[in-house]
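Peer 1: Next up is a structure, given as structure tokens.
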Amino acid sequence: MNSLRIFFIGGLTSYRALFHWLSPWILVPTFLLTPLFQIFLFVYIGRTAGISDDRFFLIGNAVVNAAVPCLFAMGNTIGGERNTGTLPLLIASPAKRVPLFLGRALPVIVNGFLVAVFALITGSLLLRVDIPPATWGGIAVAIAACSISCTGLGLLGAAVALRVRETAVMSNIVLGILIVFAGVNVPVGAMPGWMQVVAGWLPMTHGIRATHDLAAGAALTDVAGTLLAELGLGALYAGLGLALLRWFEYESRARATLDTA
Amino acid sequence: MVRVTEPVIEVDGLARTFRSRKGLIRRSSKEIEAVRGVSFAVERGELFGLLGPNGAGKTTTIKMLITLLLPTGGRARVLGHDVVAQAHAVRRKVGYVFGGDRGLYERLSGLDNLRYFAELYGVPARESKQRVGELLELVGLAGREKERVEGYSRGMRQRLHIARGLLHRPEVLFLDEPSIGIDPVGARELRATVRNLVETGTTVLLTTHYMFEADELCDRIAVIARGRIVALDTPSELKQKVTTGTVLEIDVFGVPDGVVEKVRAEPDVLSVSVDVQGQAEVLTVHARPGTDVTQAVMGHLDGSRFGRVITRQPTLEDAYIELVNAA
């Protein structure tokens, strides 16, 4: 029972406590405006170059923005504790770590999902991109899968925060890698072989591909395998993140780095 | 039948060495022995003080006892649980409060801070609301609990820290300089709170820089310096241990020539000093324990104009300074 409370109530409370972007002055420009600017930029580049249709750039750039909260907010679940001086209290608490950290992922997943959905809906309306209403349900599932898998990667970043002071730099680099490799603006099939291999192990790649297929009329069952691959990657990264958190927690006690890393 | 109770905290040869590295290419490392084999035991219901200068190893010792740091030597048990092998069991039963205004979620209200820590410490949901309310009353934050912590004064934050540390009714409470930065009224209230906790059966390990606080509160005190315990006893016994006996202070308006030397030559006088304070000179005479040099000193001051004459016992601060300097 207590683990459930830590998962749901604790997760939401820590999200409110630690995610400093939850202010209108940061939230609106970061989560609502920036994704639109990114979409417009690449849609117009695409139109000028005549290399693909608007829908391709709209979907890729809208969905990848789910990664912003998933990477940054998740990384901040440990980095934020260090900044507020609450990290020793968290480590010295008897709370079970799996519900504690997975609970922190839940609001982040919802945040990422809402950012991408807003960007996709608003972008399609402003750019007059036709996405059939019947496909929206499936697309929402694909975006949710992307948010979940990306938060898994964010959890890995959170673990690293037990060893390094600043995670925002790392999150920025990971976001850049996703934009380049995950089929956001260049179809994965058009990339060199080694890039395709890297893309296959990244969150977002499979989810974005599934979203393209769904928008083109594919049924959810047609992309189930792709979405399962996306969720599987998320589970893999989350598992690695939890294992790394456990190891780094022990190391921080041995090396006395809780206050100093 | 004699009932033998186990100490609540048992520390045996506990040591912690820190290794710091610097340099990117030519890396060099340095080892600092913060705690060098300290041993002590704290009985149930005792208020045990750990006194020492900055960097003496007080906080490092506490961090090892609350499982935040792994010792590099020795062993420690809290409530029968080893702090390394049974860290989880220790965490469930101990509370930890440290001084300063960090360690709280600034964006949350005081109430939400307490609710969150109640979840982390496994306070059952049906008890949590009542417990949080009790503690807010106890620390005097009732009525301010819905305000964000970022707007709290330092004293309010410290009181919230104490409430947080007590949420799960810990059997052992570690207080690491809890009164630092609190105004005198708040510090007095804090001391009363700590005393009440001990009266209700909580074992407390307290570190502080304030001698009167340790003197007033602690059943026993360990003086720690350079990572080692240099004395461990009750406050009154610690005061007896120091060589400084009675202290005589006299305000003199113009100490005649040669008087200081004459007083110093008295057989029971250990030391004499003169400090100028305003228009008066304060003659401070440290006498051997169990002697009274007032008459002899007054005899040398015959004909001088003097004001305040005070005879006082050595304070814990006198004892502390002597012990730490000798370490």
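Heads up, residue numbers simply count up from 1 along the chain you see.
Placement of Cβ uses the backbone N, Cα and C atoms for every residue, glycine included.
As annotated by TrEMBL, domain 'ABC transmembrane type-2' applies to A:20-248. According to TrEMBL, the feature transmembrane segment maps to A:21-44, A:56-74, A:105-127, A:139-161, A:173-195, A:223-245.
Describe each of these features in terms of where it is and what it packs against.
Peer 2: A Cβ distance under 8 Å defines the sequence-distant neighbours of the transmembrane segment (A:21-44), meaning residues of its chain 6+ beyond its ends; these are 15, 54, 57-58, 60-62, 65, 68-69, 72-73, 111, 115-116, 118-119, 122-123, 126-127, 185.
Counting only same-chain residues 6+ beyond the ends of the transmembrane segment (A:105-127), those with a CB under 8 A from a CB of the stretch are 7-8, 11-12, 15, 31-32, 35-36, 39-40, 43, 54, 58-59, 61-70, 73-74, 139-140, 143-144, 146-148, 150-152, 154-155, 238.
Among residues of the same chain six or more beyond the transmembrane segment (A:139-161), those with a C-beta under 8 A of the stretch's C-beta atoms are 63, 66-67, 70-79, 82, 101, 104-105, 108-110, 112-113, 116-117, 120, 131, 167, 170-171, 174, 178, 203-204, 206-208, 210-211, 214-215, 220, 223, 227, 230-231, 233-242, 244-245, 248.
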